[in-house]
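Q: This structure is in structure tokens; I'll ask about it shortly.
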Amino acid sequence: MFYSIVAIFVGAGLGALLRWFLSLALNAFFPAVPLGTLASNLIGGYVIGVAAVVFTVRVGLPPEWRLFVITGFLGGLTTFSTYSVEVMTHALEGEFGWALAVAALHLTGSFALTALGMWTARAWLAVA
């Protein structure tokens, strides 16, 4: 359990630092679309795709490596990567209805909860 905690902790720290560095390096180029965040999400999507296959095929790898990469590093870098692999897994298995449903659920759910959170905070803080 200790090694699992350390793997997640170190991975998350490194992922968060990379996301921050990408934001510092890229966000000023096109402020309307934070390119650092976009880069973080695209990198995360690619890395989780690789990791999903590697950890499925290389079953002998210690579980701490999966925790380090997926839960820690990608969790710190982005939350978009897990969503991406879940949708693409459905699509690659020919489950296009499920892929669309999962994508729609994540997207609409995220927007709805973001709006709800903004509304709640504005109400608490009495902001117009």
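Along the chain as shown, residues are numbered 1 onward.
Cβ coordinates are placed from backbone N, Cα and C, and glycine is handled just like the others.
Dumping what Swiss-Prot says about this protein:
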| type | residues | note |
| --- | --- | --- |
| TRANSMEM | 5-25 | transmembrane segment |
| TRANSMEM | 35-55 | transmembrane segment |
| TRANSMEM | 67-87 | transmembrane segment |
| BINDING | Gly75, Thr78 | Na(+) binding site |
| TRANSMEM | 96-116 | transmembrane segment |
Q: What same-chain residues lie close to the transmembrane segment (35-55): Cβ under 8 Å, and 6 or more beyond its ends?
A: 18-19, 22-27, 29, 61, 65-66, 69-70, 73-74, 77-78, 80-82, 84-85, 88-89
Q: Including all protein chains shown, what's the count of other C-beta atoms within 10 A of the C-beta of Thr78 (Na(+) binding site)?
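A: Total other Cβ atoms inside 10 Å, all chains included: 25.
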Q: Going along the chain, which residues six or more apart from Gly75 (Na(+) binding site) have their CB under 8 A from its CB?
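A: Long-range Cβ contacts: Ile8, Gly11, Ala12, Gly15.
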Q: Determine, from DSSP, whether Gly75 (Na(+) binding site) sits in helix, strand or coil.
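A: It is helical.
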Q: Determine which residues of the chain contact the transmembrane segment (96-116) at the Cβ level, with the cut-off under 8 Å and only residues 6 or more beyond its ends counted.
A: 83, 86-88, 90
Q: Which residues of the chain, 6 or more past the ends of the transmembrane segment (67-87), have a CB below 8 A from one of its CBs?
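A: Result: 4, 7-19, 40-41, 43-45, 47-49, 51-52, 55, 99, 102-103, 106.
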